[in-house]
């Protein structure tokens, strides 16, 4: 029962008392002391190689868990590193060693064990970034060697303690991750780390730092010690009550990789890029460790490689990057890996890509996020608090710079104004915070370092200085916001002056046999120098030298210091370093400010201010209004828990409204990849270079902006735009209000090549256009006129509007936003619809200006032209000389070697077959280019013959007076001929190499041109195909859209109804507001379409009224049109139509034609007028007919000038020359498809968001030019055929010696005999050829009669 309870509890939390659940980590270390080490943090920090996070290279990305994607781009919210984050660099080094080939001694490490980092959301590690390159060794910077990859080691825990010397150690259970086995094993264990008490160990004397190490020449040889680092760690800590111990094997290589650690309720997760993406940055989870206690801190374990002095190697730095909850845009390849990424909150351009879920964005003006107006002041009402006590720094003797004093404050209110009033401030500079902010903010702690310091030396203490002050005396830390105050002490301050200013000008350690090796001892930020104890109060003389022998705990050697004395000034001059640390605790340090008019809101009514009202903080606009609510409660809230009213200490009641937020748009030009930022309808005085900008679509806050020069325009504040008074008539990036953004590559560029330019969009009238005559028809003809000017405004665009849907519906409440997620992509569709309306505006305005600027178009060419001979792509057949080959049996029975044959090997082989090979070698020599040549190979027979000849000539030389030396001539000739053969072969190879190089270069040039051309051609195909595929994919994805339901699956809806019911009230509110928002968007879409239609009308009026004289009555103003003028107006055009308007008319009797009585009759018709009767005569057969124009009554005789002959009974139609004959021929290049497009582009349908189908591209491709060029390139490739000189392969066979054949035959005979005896001489009844009987070895069996079976 006890065991059962123990197991049950272990599922919830590690039970410390269940011994059966612990892992045996024995053996424990039995070393009498820990290994000696030298901590030299300054040397390690000098070597810095920054590697910022680059999402485009997929740096540090953890692959989404439990799912995979293919060939898709999506925005994903998870744990990612910040783009551009430099991270923290860590470096390992080899240890000290004795002599050139001596064994290693003490370790050489940095102070990583003293650095405790916050774990937060976890981190990722870049490993081996510089592996395989050449670099320096930390311990010997002058030595360059190849860099190897080093794996990091970590301790992760939730609680800390300290050693007796104040150094941090991990308490309770800690997770330890250690690489081992010389980079082939990774250990992870969860234990209580109990410090050992022997010498140099954490609880012993002489402790400096814990670390792990491997002795390379012992642990990393043929047999790898898989526990070398683990055992070294055990020498510092006893591993107590370990709950698990896991190990993973690692393939040893020098490939760069990524490693990551996160934690959630399931435990600690480990990630690595080695699992599935070795040559990329994708990290996959490979282990989950049962660690459920929240990890708060981590420390990098120092590591030392104990190598001999002559075998030292450099080790690559690794980089740790913190993870944050961010939204990334991820691009998944076809094989499922992430190959591109964008940090959505990095800058405006990143938000643009993420807002539209695309890595490729076309040129345009896009809405990306919202921006809340910056506060213009502060309103504070708060209770009184206890003041921080600064009196210790105002009494006693002022300390020297190297012996500075420090005050740390918490849980009090400080009065910085009062403190600074006691000094004559000479300089007040800050880093990471402004002087005003540090005096007005609240912090978890406030630290003040102060010391006596002359103002004449203030340049030596500034950031970036490298003099003696920051090296040996005081180095300011910039880890937290900090300020530096340089001031003179006033006479009424009681602080005592020292005799003189003093500082350390040298602090070094002397080591070596003769103490001739000097190592400067630099200080780290916030640390004291080891030389400060020589003279804490100051130096008695300038250049005073001090020496002291260092203890073994201090690292040994001789400490030497030099002090410099500076004369004291009349008034004591001091330096104050104020550092603050932000936090969320209740023991905060807040300012006791001289609030001035911050206590009153009367001068800031109607403005956006930051307020702090008795602990309630926020940002809003205060207004006087009628009091509501209970006065004693001070605060009045609405049903959304928003502060809407406040009873102030001044007795007034103020309404509180939220500050105005404005839309943010990005102006983007694809050709230059430049962008600018537009803050709609806001003054630049409210916009800073890094404001609180938040995109609810990408859930990202902006962190960076490149440009910091705002420009005020009529449409809002723009950053990244310069004003050069440009006027353009064509605009691809309209901003509204007749403003345009011109990219820097434009012909209008005159100022900056790195910014957009602001231009005014203006219409310039053409010079002269000949009017087109036309006729009109009326029953009354004017007799008098007056001039009239008709003014007309046509709206061609509307103000672009974006709505933050989530903010409008939920007003920032998390519970509401979670329910709103159940409505699918409703909000995103709202934003898409509004963005579509904005794009429609841009298109209509661009079309308008293009139409009134030019009327010429260029026709498209359709189809593919030309024939393509694909056989040109075939590789030509290259033939060679025929070669004879031995049979398969011969290949089996002979040893062989294949060598290059320049052409003489076959003749040599045929000659050798005619007699004994050992005697015919020289006889069979071949001639090539006048040289005798032999193959560069000997068989055993020739080796024996030539060796015997050579030895015989040498041995007999003494007996024959050297005459026997002639026997060595065959050997010499053989060597000469064979060397000739080698030379001839090399010469042929060299010539062929030149031919190959020349032809290959020619082929490369042709291929380069060909691939470039094919890339241009196929990119057109890809654009067309991808555009259709993306549109169809978008259309198919709509099938899974919930369209406001909680799920697209009916079963899910039925299963989850009970969970929705509890949020019914909030759901009703969401429904009501979404309906209101939907109605607004619908109205906006109608207005947008109306403006687009009006833009077409404006285009027609420019072409007909401004460029020409219109004969249409009333189209270009009132009356008969004379001339029109047009000027720009907000969101449209303003027309001035000049015409004459009839004031009096006369009624006349008119006829459309006159005919006589001839047979056939002869008829005439008026030209641009009427035939009328004379009004002064009486109607009779003698009635006189006259002609008058249709626009002005002026009778005149009928002549050939104002009439024409026509045939009777035939209708006369006058066709204007600007109208094509209908249905005759398509002479205007406008076909039925174009007419449909002209119709449908002005028709908008809002069904279930199938608008994306309009983006399907049906463009016909014209690839004939590109394919023709490819034909020529392929011909050039075939021309690069390399006609090599014949250099075949020759296979030389070497027969086996006689004893091999003899053994081979004997084996065959033995095999045959074995078979014979097994088959013929075994078994009962055999006689072995009648020579042997075996009756005695056979048992007797009864014989049975067996019935015969007949098979028919």
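Easy rule for this one: first residue shown is 1, then count along the chain.
Quick reminder: no glycine exception, Cβ is built from N, Cα and C everywhere.
Feature list (source: Swiss-Prot):
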- 1-12: signal peptide (SIGNAL)
- 71: N-linked glycosylation site (CARBOHYD)
- 111: N-linked glycosylation site (CARBOHYD)
- 162: N-linked glycosylation site (CARBOHYD)
- 191-242: disulfide bond (DISULFID)
- 227: N-linked glycosylation site (CARBOHYD)
- 241: N-linked glycosylation site (CARBOHYD)
- 344-354: disulfide bond (DISULFID)
- 386-592: domain 'BetaCoV S1-CTD' (DOMAIN)
- 388-412: disulfide bond (DISULFID)
- 430-483: disulfide bond (DISULFID)
- 442-590: disulfide bond (DISULFID)
- 624: N-linked glycosylation site (CARBOHYD)
- 773: N-linked glycosylation site (CARBOHYD)
- 869: N-linked glycosylation site (CARBOHYD)
- 906-928: region 'Fusion peptide 2' (REGION)
- 911-924: disulfide bond (DISULFID)
- 993-1043: region 'Heptad repeat 1' (REGION)
- 1022-1066: coiled coil (COILED)
- 1144: N-linked glycosylation site (CARBOHYD)
- 1147: N-linked glycosylation site (CARBOHYD)
- 1247-1286: region 'Heptad repeat 2' (REGION)
- 1257: N-linked glycosylation site (CARBOHYD)
- 1259-1287: coiled coil (COILED)
- 1289: N-linked glycosylation site (CARBOHYD)
- 1319-1352: topological domain 'Cytoplasmic' (TOPO_DOM)
Note = Note: in the chain of residue 388 (disulfide bond), residues six or more apart in sequence with C-beta under 8 angstroms of its C-beta are 409, 412, 413, 414, 415, 446, 589, 592
Message = I want to verify one value. Collapsing DSSP to three states, which class is residue 911 (disulfide bond)?
response = helix
Task = Write down the Cα-Cα distance for residue 242 (disulfide bond) and residue 354 (disulfide bond), rounded and given in Å.
result = 46
Task = Could you check the glycosylation sites 111, 1147 and say which one's CB has the most other CB atoms within 10 Å?
result = 111
Inquiry  = What does the structure give for the C-alpha distance between residue 241 (N-linked glycosylation site) and residue 191 (disulfide bond)? Integer Å is fine.
reply    = 6
Note = Comparing the Cα of residue 624 (N-linked glycosylation site) with the Cα atoms of the recorded positions 227, 442, 483, the shortest distance belongs to 442
Key: C-beta crowding around residue 191 (disulfide bond), within 10 angstroms   = 21
Task = If we count other C-beta atoms within 10 Å, could you say which of the disulfide-bonded residues 344, 483 has the fewest?
result = 483
Query = Once near-sequence residues are set aside, which residues in the chain of residue 1144 (N-linked glycosylation site), 6 or more away, have Cβ atoms under 8 Å from its Cβ?
reply = 782, 783, 784
Ask   = Hey, of 111, 242, 911, which of those recorded positions are within 10 Å of residue 430 (disulfide bond), Cα to Cα?
value = none
Query = Looking only at 354, 412, 442, 911, 924, which of these disulfide-bonded residues has the biggest number of Cβ atoms within 10 Å around its Cβ?
reply = 354
Message = Quick check: of the recorded positions listed here (162, 590, 924), which one has the Cα closest to that of residue 344 (disulfide bond)?
response = 590
Ask   = Out of 111, 590, 1147, which of these recorded positions is nearest residue 162 (N-linked glycosylation site) by C-alpha distance?
value = 111
Message = Just to verify a number: CA distance, residue 590 (disulfide bond) to residue 483 (disulfide bond), in angstrom, no decimals.
response = 16
Those glycosylation sites listed as 71, 162, 227, and which of them has the most Cβ atoms within 10 Å of its own Cβ = 227
Query = Per DSSP, residue 227 (N-linked glycosylation site) is which: helix, strand or coil?
reply = coil
Ask   = Around residue 590 (disulfide bond), how many other CB atoms lie within 10 A of its CB?
value = 18
Task = Provide, as an integer number of angstrom, the distance between the C-alpha atoms of residue 111 (N-linked glycosylation site) and residue 191 (disulfide bond).
result = 23
Remark   = Given the glycosylation sites 241, 624, the candidate whose Cβ has the fewest other Cβ atoms within 10 Å is 624
